[in-house]
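One structure is given here, and the rest of the page talks about it.
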């Protein structure tokens with residue numbers, strides 16, 4: 001398959017984004033540790049990290065990565081750009097090993113390999129971007145009943161987690177913060193894609209910022225990013241960079257392993273002796289099996 005120029009540009013931007021974001025994890029982790037030593041930790045509701053220069057350096061690095069990621073959505077399909085974010089896990093794990101002196105155990109290495117293999121497969125089979133000529137066309141797609149229902153369910157789940165679950169067990173269960181960020185992230189991807197296309201069309205001479213829909217997506221992106229930023233900081237404060245990388249890679253490993261086990265559970269297994277005898281008995285005299293039961 002011959003990759004389109006836009007897909008190549010999107011791939012390059014997405015990979016550079018992963019490098020910046022992966023680096024920012026380690027830098028911000030150092031900043032959060034220093035801030036926690038001098039004030040209330042983020043996991044306990046504190047915001048002392050806002051006064052830590054290293055945290056801001058990590059934030060700037062992350063912003064550069066997000067800008068590159070944002071630009072990637074203007075050139076390549078979301079199905080290509082979004083999964084490549086997993087490469088940031090590998091960058092952060094490697095940097096944590098050399099900078100923070102954290103050891104990455106074997107399961108983390110296997111998870112990183114799966115991330116690379118999955119990313120390569122996605123790149124090789126990435127679809128061609130659908131041509132969109134105006135924001136009105138994006139709005140038409142975004143107002144389909146299926147997407148509206150999903151958006152309402154996602155927002156309802158996020159509100160429930162924030163106002164009910166976080167107060168009770170959020171500081172003990174990292175999955176609560178991950179769930180909030182993941183649900184908001186799903187809406188962020190769609191909104192970022194819409195804004196990136198609007199910018200691309202505007203640069204080509206068709207101003208899309210005259211439409212209310214464009215500004216609506218900008219507001220959604222801003223809100224989603226602020227929510228994710230807040231809860232990611234609470235998550236990172238209680239975890240090492242290696243633990244974060246290992247846990248995220250572990251999810252990939254578990255999904256891949258479960259799929260393989262499910263698909264191959266009956267391959268190459270001969271029938272059990274009891275099953276063979278039962279089948280033979282049924283063939284000889286079906287009534288014998290009924291009487292035995």
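Including glycine, each Cβ sits where the backbone N, Cα and C put it.
Summarising the annotation, TrEMBL assigns transmembrane segment to 54-72 (among others).
Feature annotation from TrEMBL assigns transmembrane segment to 79-100 (among others).
The transmembrane segment annotation in TrEMBL covers 106-126 (among others).
Under the heading transmembrane segment, TrEMBL lists 147-166 (among others). Sequence-remote contacts of a segment are chain residues at least 6 beyond its ends whose Cβ falls under 8 Å from one of its Cβ atoms, and for the transmembrane segment (147-166) they are 141, 176-177, 179-180, 183-184, 186-187, 190, 227.
The annotation transmembrane segment is assigned in TrEMBL to 172-197 (among others). Counting residues 6+ beyond its ends, the transmembrane segment (172-197) has Cβ neighbours under 8 Å at 69-71, 73-74, 78, 82, 132, 135, 138, 142, 147, 151, 154-155, 157-158, 161-162, 165-166, 208, 213-214, 217-218, 220-221, 224-225, 227-228, 231-232, 234-235, 238-239, 247 in the same chain.
Under the heading transmembrane segment, TrEMBL lists 209-232 (among others).
The annotation transmembrane segment is assigned in TrEMBL to 244-261 (among others).
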- Are there residues at least 6 beyond the ends of the transmembrane segment (54-72) whose Cβ is under 8 Å from a Cβ of it, and what are they? 9-11, 13-14, 16-32, 34-35, 81, 85, 88, 192, 195-196, 225
